[in-house]
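Notes follow the structure.
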Amino acid sequence: MNAIKRRIDSVDRRAAASTFGRIFHLEGSGHDFEIKNTKFTTELRAGLTVFFTMAYIISVNATVLSDTGGNCVCNDPNDPFCKIDRDYALCVEDLHRSLITATAAIAGFSCVLFGFLTNMPVALAPGMGINAYFAYQIVGYHGSGSVPYSLALTAVFVEGFLFMFLSLIGMRQWLVKIIPVSLKIASACGIGLFLSEIGLGHSAGIGAIQGAKTTPLEIAGCPDVYNDETGFCTSHQMTSPTMWIGIMCGGVVTAYLMTYKVKSAMIAGIALVSIMSWPRGTSFTYFPHTNQGDDRWNFFKQVVDFHPITTLNVLDWNISTAPSHFVLALFTFLYVDIIDCTATLYSMARFSGVVDPDTGDFPRSTLAYCTDALCISVGSLLGVSPVTAFIESGAGIAEGGKTGLTAMTCGLCFFISMFFAPIFASIPPWATGCTLILVGCLMMRQIVMINWRYIGDAVPAFVTVMFIPFGYSAAYGLIAGILVYTVLNGLIYITKIISRGHIVPDDEDHREYWTIKPHGRLPWFITASQAVVSHFGHGSTHELKQDTASLKSGTSQERFHSRSQNMNRELDTVIVMPRDPRDEKVFRNM
């Protein structure tokens, strides 16, 4: 055992001392801004963890998008949705195999590119939620929606470049900075709960909960034979063997290993449950003797298989066929992705401890947002829905990943999975469900840093934490929190103005400081407008100079890494603005 450890340490030292180590700022590389406690083998292990926790996207995304019918043509007048047309069914089956390859390809490309350019441990892939919106609300089941599949891909392609433009002018960075601190912390906590809800669900988890008719959620966990035609449990709740295998072997065992700081604990739990679920004939097999189980088993037996991408570059630029629906789809994709992806990227940056406490930004943020936007457009050329940052990246961060090597390792695994898709597409959801729940637990630890002492900060933060999992969307949860914050604190401000400062909340001394002009670089459109006003003598040159100095002070991206040595430093300090600015108080983490 000691010999293995010495061998691993030797590999870490050699990797750190190489040019490779300097590029990714590994500890021991000699780089001025090397990241403390980063090791080559740790980054590889973290990347594998991320891949195993999000490998379900290979099959799930392909299944969701294939429901649109893709570029398959339905010409049966007696069956307009081609539900029983055999030729169409064969085309959709071939489309599903193609989308498995396309999903793995774009996920691999996005992760490698993002990791190399940004040096952040964040993985990208076609997003869950936005793919369902693309498939069922825009294109529709077997093309029954308002926008054809090829035209919808064109909207995704255009959205990516609009995304990049907003990133280059600084809009996305500025939007993150002006969000109050408590809401940003709350969004990370809400995403943690969102992850846990996914882990408890059926499509990508252990299946312990489900939707209900009389209540939003209810207990599930019944064997498949007790599911009705819509997939809901009719009886025998909490008796599913797959659920209990996932809980005991994937959850309890993983948590037990994490208690003793065992490395690769999450990978071990996922691998254990997966291997146990592969043999046929058991009550918890992933390949039951059903039509679906036989199809999975036949695909799994191929082991090595590469299916060409038949949806490559099928974009339709004839927007005149559905102009209004095209524009609606374009802007819906845009605003959902702006909030969703931006919030997720920022939350992962906070979780990895690289957010600068002074500016509220993270290293290479502009490059990160532009890379994400480019991957959206590239993904549309492969025939998939918008690419986004995955909250499952938190599993790799929890495993010790701190650099882009984590994302690149995950990306390489996706590339490999293009040729071993039968294996990686056969990781059952109950193998990864409890891992997502454990990551959600780790992300929820930040909730103590929300400013609960002032209602104007506490209520919007709670709405954000609550609405992200219940609304099943990080974007809409943050939007809800921002709206509540604006209305509540706007009313308080108006009351204060009308009463000339006589009617104020008793605990206003504890409110967080907030300004529309955050520290650091301001968006291009703001600095440009200030320059024009100043040029014509209608503005304050002193204010412009301050903005210019602020911009200069924020140009060094590397200085963030020196602050990342103290993990989650921003979470350790909550700055509040009392009535008297001279009596500023700083509350340290208790």
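Just so you know, glycine gets a Cβ as well, placed from its N, Cα and C.
Under the heading compositional bias 'Polar residues', TrEMBL lists 547-564.
The feature region 'Disordered' is assigned by TrEMBL to 544-564.
Residues 54, 57-59, 61-62, 65-66, 70, 124-126, 306-309, 311-312, 363-364, 367-368, 371-372, 374-375, 378-379, 382-384, 387, 403-408, 410-415, 417-418, 421, 424-425 of the same chain sit 6 or more residues outside the transmembrane segment (99-118) yet have a Cβ under 8 Å from a Cβ within it. The annotation transmembrane segment is assigned in TrEMBL to 99-118 (among others).
Feature annotation from TrEMBL assigns transmembrane segment to 149-169 (among others).
Positions annotated as transmembrane segment by TrEMBL: 174-195 (among others).
Residues or ranges marked as transmembrane segment in TrEMBL: 242-260 (among others).
The annotation transmembrane segment is assigned in TrEMBL to 366-391 (among others).
Per TrEMBL, the feature transmembrane segment maps to 403-421 (among others).
As annotated by TrEMBL, transmembrane segment applies to 474-494 (among others).
Sequence-distant contacts of the transmembrane segment (403-421), counting only residues of its own chain at least 6 positions beyond either end whose CB sits under 8 Å from a CB of the stretch, comprise 24-26, 35, 38, 40, 43-44, 46-48, 50-51, 54-55, 58, 100-101, 104-105, 107-125, 303-307, 393, 396-397. Sequence-distant contacts of the transmembrane segment (149-169) (same chain, at least 6 residues past either end, Cβ-Cβ under 8 Å): 68-71, 134, 138-139, 143, 314-319, 321-322, 326, 329-330, 333-334, 337-338, 366, 369-370, 372-381, 383, 385-386, 523-525. Counting same-chain residues at least six beyond the ends of the transmembrane segment (174-195), those with a Cβ under 8 angstroms from any Cβ of the stretch are 338, 342-344, 346-347, 350-351, 359-361, 365, 391-392, 394, 436-437, 439-444, 446-447, 449-451, 457-458, 460-462, 464-469, 472, 474, 477-478, 481-482, 485, 512, 514-516, 518-520, 522-523, 526, 570-571, 574-575.
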